[in-house]
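Now, the feature entries from Swiss-Prot:
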DOMAIN    29-138  domain 'CMP/dCMP-type deaminase 1'
MOD_RES   32  phosphothreonine
REGION    209-336  region 'Necessary for homooligomerization'
MOD_RES   218  phosphothreonine
BINDING   257, 288, 291  Zn(2+) 2 binding site
């Protein structure tokens, strides 16, 4: 008997959307994949030519997956419009499985006039190395057209609610922890796709001038090593960068600091309790008091993880922030100021430098020395 859901539909019920697009990273009993699509010709402000929904079962035959249903429909429709360039957008409850991911990459390679943007509510089998490699192959840009994959944020959920749900003019009501789950998934996807930072973003935010204005974001680059027989083994799959989520960014009312976003994602790494790990963070600002307290709690409760922090600048080194740094150091964290060596390492490791070597800015070493002195005074409780 063939699975149902063969033909596309135009809208879904509110409960169906909320249940299937719920973005908690680990979720069971969601075996139906919902794919909302929009097709339009390339160009600014072009309205969609078609917008409907395909459904399919996760464990059914590949041809019954909604991604394959879409391409079966689109291929027939495309024959009538062979010379036109199209932009396709998917909003999908699960990211495509490994086989669908490879077939999508093949389709796009064979039809360079089609671009695809995929917004996913959740990542399917994100811990599997074969799946990670398939996603990287789909999203790489260097040898031909590929897809762009992003995690659905509040704006995409709101768009789907308005476009594909029988909303009866009711406003979309986000569920609890939607912003937190988005941040977690965004970080995990960045790890998988090995996102890199733009050079201007790095040089602007990590510049270590003693007094800077307008640097309200905190960037945090991280890498993880497993300690074994007095040697360190770098875990390449546990490396990436993130920044704080400012209030109202992506439609979320509340913000979240970069350090807390980082602590949120560590449990999903499933680090072996019987192994010892070293986590190294390179931050544009040292942690604030609250973040330092939370990081201290984390390393106190996770004895198999040691924490090393290199900061480009010291955040508000007066009062409670000084106390927070001392608490963090007392808990066992190593806190240092970034020098030329760390800036170069971050440039080489986390920046899309296109082969250009790191160029230090004027005063880098002098600023590092001055900040190191201030940090030593703080940690020794000597003030300025």
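Just so it is clear, glycine is given a Cβ too, placed from its N, Cα and C backbone atoms.
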Cα distance (Å, whole number) from residue 257 (Zn(2+) 2 binding site) to residue 218 (phosphothreonine): 8
Winner by Cβ contact number (other Cβ atoms within 10 Å) across the binding-site residues 288, 291: 291
Number of helical, extended and coil residues in the region 'Necessary for homooligomerization' (209-336), per DSSP: 39 helix, 43 strand, 46 coil
Nearest-integer angstrom distance between the alpha carbons (Cα) of residue 257 (Zn(2+) 2 binding site) and residue 32 (phosphothreonine): 35
Integer mean pLDDT for the domain 'CMP/dCMP-type deaminase 1' (29-138): 87
Cβ-centroid neighbourhood (8 Å) of the Zn(2+) 2 site, 257, 288, 291 excluded: 218, 244, 258, 259, 260, 287, 289, 290, 292, 294, 315
Cβ atoms near residue 218 (phosphothreonine) (within 10 Å, other residues, all chains): 24
DSSP-derived helix, strand and coil totals, residue by residue, for the domain 'CMP/dCMP-type deaminase 1' (29-138): 42 helix, 36 strand, 32 coil
Residue 32 (phosphothreonine) and residue 288 (Zn(2+) 2 binding site), distance between Cα atoms, whole Å: 43
